[in-house]
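Visitor: Got these off Swiss-Prot a minute ago, pasting:
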- 1-103: region 'N-domain' (REGION)
- Asp32, Asp85, Glu157, Glu159: Mg(2+) 1 binding site (BINDING)
- Arg45, Arg69, Glu157, Gly235, Asp237: DNA binding site (BINDING)
- Asp183, Asp185, Asp237: Mg(2+) 2 binding site (BINDING)
- 282-295: compositional bias 'Acidic residues' (COMPBIAS)
- 302-317: compositional bias 'Acidic residues' (COMPBIAS)
- 326-342: compositional bias 'Basic residues' (COMPBIAS)
- 441-459: compositional bias 'Basic and acidic residues' (COMPBIAS)
Amino acid sequence: MGIKGLTGLLSQHAPKAIKEIKTLFGRKVAIDASMSIYQFLIAVRQKDGELLTNDAGETTRYLMGLFYRTLRIVENGIKPAYIFDGKPPELKKGVLSKRLERREEAKEEGEEAKETGTVEDVDRFSRRTVKVTREHNQECQRLLRLMGIPVVIAPSEAEAQCAELARGGKVYIALYYAAGSEDMDTLTFNAPILFRHLTFSEAKKQPISEINLKEALEGPLYSFPTFIDLCILLGCDYLEPIKGVGPKSALKLIREYGGLKGVVKHLREKAATQKAAQAAVESDEESEHEEEDEPAPTSDVEMPDPVEEDQDGEEEAEPKSSQATPKKKKASSKTKEKRKGKGGGGMQIPEEWPWEEAKKIFKRPSHVHRDLEWTNPDVDGLVQFLVNEKGFNEDRVRKGAEKLQKFLNSKQQGRLDGFFSVKPKEKAAAPAPVGKAKGKGKIDAKAKGTKRKVDEKAESSAGKKPRKK
């Protein structure tokens, strides 16, 4: 899911943090494997929304996409490493269960769309039912290892492992192009630099975006803990979003209350005040209903002859009651609308919202220390797996293996920024005082004093006259 609205906030309040670059040539990049596999699964489908299969009925689209996309990355002078998710944190189980519910709902709606809907409806609902399974991951890991591409299985979140590799200077982090995606979690895991829109598709030519965390923290936030607070408030994968909080209001709240702790306290107090006000309105409304149900106290006294005057009284009372009743109903409806407006609008924080646990995951994520190594592809293994088992074209597989051997084994041309480092400008030296010669080097105060004494002694000895005997 990512961090909602973070890209827009950085563009507005920390524009120096985002810049466009033309190429990642000569870089080593870490790629979130699950996200990539998911995109390949939903990319090409049949008219009925089902996945493309081979002659044996097996789904192979994700393997084909991973094989050829990785080839294009390598051909562009980039060395990729794929990071796979491990066991999800306990805090994420609630989000995963809700995703499962949404997939089941989409499956039912998709079946209805096949009967009454359009092709677009069927495709839309079928995309929502896609899930990356353990079998998908295992087959992709096998393919990548045969290609000579490093595979890292994270102990927990793949984004956290990517950030660890990036902090160690082993890789940069790159994301494939994904329309409308806000996959910025890696920054919250303290990744120094994130590259987005990594694509080599002719139909989706778009410059690569580089997001620099250090530049982002020099904007309106100034500290990494505050940045984490903002990301959690915007909405992350571990907590339900707070209704009524958008990017602008989130930044305003963080600034006003100094962090997420103060924001949560403020929202809790506000919710308690609204709840008390709502209870008071309901109590007043109940007392009004009780008064309406009580009989009029003078009705028995003013009717000595119940038979005759009851008929006349009914004729006279009907118009009065018909006029009075709507007023009371109108007043009660206004009260209900007022009560509904108080309880249903504004910012609403869930009763259970363990933001402290989410912050711990971002500050101290689970990761492993790994060295990455790119090796020669196993050509025979690729032919056995892709051609004999999955029905791929043998000529294309062998040509792809040749490209891998060529680009992975060739000595990679270095980047200029690998030879030079930017240094801050040194302050200009103060001009020497008039009448004193400029020395060629730096002489400390002690050396200067010693030299001055030697010069004075030489001058005095030269000016002395010899003594007469």
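All residue numbers here begin at 1 and follow the chain in the order shown.
Placed from the backbone N, Cα and C atoms, the Cβ positions cover glycine too.
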Visitor: What whole-number Å value do you get for the CA-CA distance of Asp185 (Mg(2+) 2 binding site) and Asp237 (DNA binding site)?
Guide: 9
Visitor: DSSP three-state call for Asp85 (Mg(2+) 1 binding site): helix, strand or coil?
Guide: coil
Visitor: Go through Asp32, Asp85, Glu159, Asp183, Asp185, our binding-site residues, and report the one whose Cβ sees the most other Cβ atoms within 10 Å.
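Guide: Result of the Cβ crowding comparison: Glu159.
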Visitor: For Asp32 (Mg(2+) 1 binding site), what is the secondary structure by DSSP, using just helix, strand and coil?
Guide: strand
Visitor: With DSSP helix as H/G/I and strand as E/B, how many residues of the region 'N-domain' (1-103) fall in helix, strand and coil?
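Guide: Reading the DSSP string over the region 'N-domain' (1-103) gives 51 helix, 19 strand, 33 coil.
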Visitor: CA-CA, which of the binding-site residues Arg69, Asp183, Gly235 lies nearest Asp85 (Mg(2+) 1 binding site)?
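Guide: Looking at Cα distances from Asp85 (Mg(2+) 1 binding site), the smallest one goes to Asp183.
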Visitor: Between Arg69, Glu157, which of the binding-site residues has the fewest other CB atoms within 10 angstroms in the structure shown?
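Guide: Among the binding-site residues Arg69, Glu157, the sparsest Cβ neighbourhood within 10 Å belongs to Arg69.
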Visitor: In the same chain, which residues outside the set Asp32, Asp85, Glu157, Glu159 have their CB within 8 A of the centroid of the CB atoms that define the Mg(2+) 1 site?
Guide: Ser34, Met35, Ile83, Ala154, Ala158, Ala160, Gln161, Cys162, Asp185
Visitor: How many other Cβ atoms sit within 10 Å of the Cβ of Asp237 (DNA binding site)?
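Guide: The answer is 19.
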Visitor: What number of additional C-beta atoms lies within 10 angstroms of the C-beta atom of Gly235 (DNA binding site)?
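Guide: A count of 22.
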Visitor: When the Cα of Glu157 (Mg(2+) 1 binding site) is compared with the Cα of each of the binding-site residues Arg69, Asp183, Gly235, Asp237, which one is closest?
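Guide: Answer for the nearest of the binding-site residues: Asp237.
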